[in-house]
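What follows is a short report on a single structure.
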Amino acid sequence: MDHQLLHIKALFEKHIRNAATRAELDELSVLLEQYSNEELEGILEPLAAATIPDPDFRQQDWETLIQSILQQEQLAPASPQRPVRLLRMTRYAAAVVLILLGTAAYFYFSREQDKAPLAAVQQDQEAAPGRNGAILTLADGKQLVLDSLQNGRIADQTGTRLTLDNGRITYDASKAQAVAYNTMTTPRGRQFRLTLPDGTGVWLNAASSITYPTVFTGKERLVQVSGEVYFEVARERAGLFKVLLDSATTVETLGSSFNIQAYRDEAAIKTTLISGSVRVLAHNNSLQLQPGQQAILPQAGPGTAISMADRPDIEQVLAWKNGLFNFNGYNLRAVMREIGRWYDLDIVYEAVPEPGEVMGEIERDLSLSQVMRLFEAMHIKYRIEHKKLIILK
């Protein structure tokens, strides 16, 4: 095997282990484009057979999966310069990276029970992906819908100036006369970024909120959040930065970057540290995190203990902030919760979903119909009615 084929083999194996970087996936895509379909089949089939042997997944299932994905010419319109090639794959070679227009769109559904196919159905309805936008509630109760405002100064509260610049809010508290409290809320289908008065950067995922003062005073900087929020906390002599999640859970730091997922419909609150150091406190328990660690607190009420994951998938944790869905290892319900928040949909199940895991990463700027084509290929049956995505039997 020549040097290039050995390199392709190494990149392919890294991808299967979910260890490949975006640059490596792009490189693999470029290398594969040099070969014909027949040559690719000969190269990739033995690699995939050794990595993901799944004899129960039928040949026509693989073919349906690949063709339904690759035939969508505008699956990722942000990068039209990369052509999409339709690859005919055998059962094993279908495990190859399906890199569409620079996006890793490799999906398969690993079922634990009967693999009987289900015909997917879709009504001719469309839903746009989420976008930047939020509702800012001022101290006097006035609400500003930021989606509809132009750049420039949007409010002045007790000497604190608020400025909107290309979808981002900043505060100038240099002339603040008193403390007021604001709340930034992202509905379903929206995300937003703001800079707090101390310089801390805040990213809000869909269906999230943060309440904060227009100027920080005293020895602590206290904010309260819900949903999913990423922080880059500015170090300041004002001291400790505290994030209140509920009446009993707090995250404390002097300066660090971390992600908090605290949706009420998720089983646990997860705090993932990217850099610096944080302490998570809940129900008379505390846990100190180092970079690359994750604190997990089940949402079961008082008495639950905080546990720690030493090696969380950081790329998956930050996927939403980087404009991606990363569903690796998720079951169908977890996937649909994310889709519901981003596309502003209620998810309804007419039957209990079959057990199994979804594997894949796609851009978040796809329309709903483009995303659901992936699930059609996995024989997920559904229909859309207004603001409802109904998963069928």
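Glycine is no exception: its Cβ is also placed from the backbone N, Cα and C atoms.
Feature annotation from TrEMBL assigns domain 'FecR protein' to 183-279. The feature domain 'Protein FecR C-terminal' is assigned by TrEMBL to 325-391. Residues annotated as transmembrane segment in TrEMBL: 92-109.
Residues in the domain 'FecR protein' (183-279) partition by DSSP class (helix H, G, I; strand E, B; coil) as 0 helix, 59 strand, 38 coil. In the domain 'Protein FecR C-terminal' (325-391), the DSSP tally of helix, strand and coil residues is 22 helix, 22 strand, 23 coil.
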